[in-house]
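Notes follow the structure.
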Amino acid sequence: IKSRQLDESIDIKEFRIRASEQPHQKQEHSIIFLTYNKWPQDDKIPRDTHSFLNLIHLAHSYQTSDTPLLIHCNTGVGRT
């Protein structure tokens, strides 16, 4: 796992997963986990639109045509 904080609003974690059933195959998958740290506690929309747009642009920069993108809110239920 690689982890870094882009700025005070965004954390980036990278996970690399390899199938253990077939150790001779070197197929590896990478998962990029972006965390937005400025979700308001009152379940409203983010007040800092600049940092939220940075998150969207960052997510697009990691997105390729053959990879899925999953987005969920702070707790994973509710707004999305």
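Glycine too: its Cβ is placed from the backbone N, Cα and C atoms.
Note: TrEMBL annotation is automatic and uncurated.
For the domain 'Tyrosine-protein phosphatase' (1-80), the mean pLDDT of the prediction comes to 82. The domain 'Tyrosine-protein phosphatase' annotation in TrEMBL covers 1-80.
Taken from TrEMBL, the feature domain 'Tyrosine specific protein phosphatases' covers 50-80.
Using DSSP to sort the residues of the domain 'Tyrosine-protein phosphatase' (1-80) gives these counts of helix, strand and coil: 14 helix, 24 strand, 42 coil.
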